[in-house]
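Just below is one structure, and these are the notes that go with it.
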Amino acid sequence: MASREEIFSKVKSIISEKLGVDESQVTEEAKLIDDLGADSLDLVDLVMDFESEFGVKVDDADLEKISTVGDIVSYIEKKLG
């Protein structure tokens, strides 16, 4: 099982690459839309990448509750058990 730090590292890398932001901006507290400039299409792309990378399914209802990088890490961590 991946540790929280390993999950965060992979999530950070994916977000940095997809959104074209420096990895130093991608903190657990960073808001995907407000701080990192993601839009709804970016979120869909990111979710597909997370699902592929971690082998988890992100439910649409759960996606609405995710606003920060830390939310994503916690969600994936929970899904991986």
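Here the Cβ of each residue, glycine as well, is placed from N, Cα and C on the backbone.
If you check Swiss-Prot, you get these features:
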DOMAIN    5-80  domain 'Carrier'
MOD_RES   Ser40  O-(pantetheine 4'-phosphoryl)serine
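Mapped onto three states, the DSSP output places Ser40 (O-(pantetheine 4'-phosphoryl)serine) in helix.
Cβ-based neighbour count (10 Å, all protein chains) for Ser40 (O-(pantetheine 4'-phosphoryl)serine) stands at 9.
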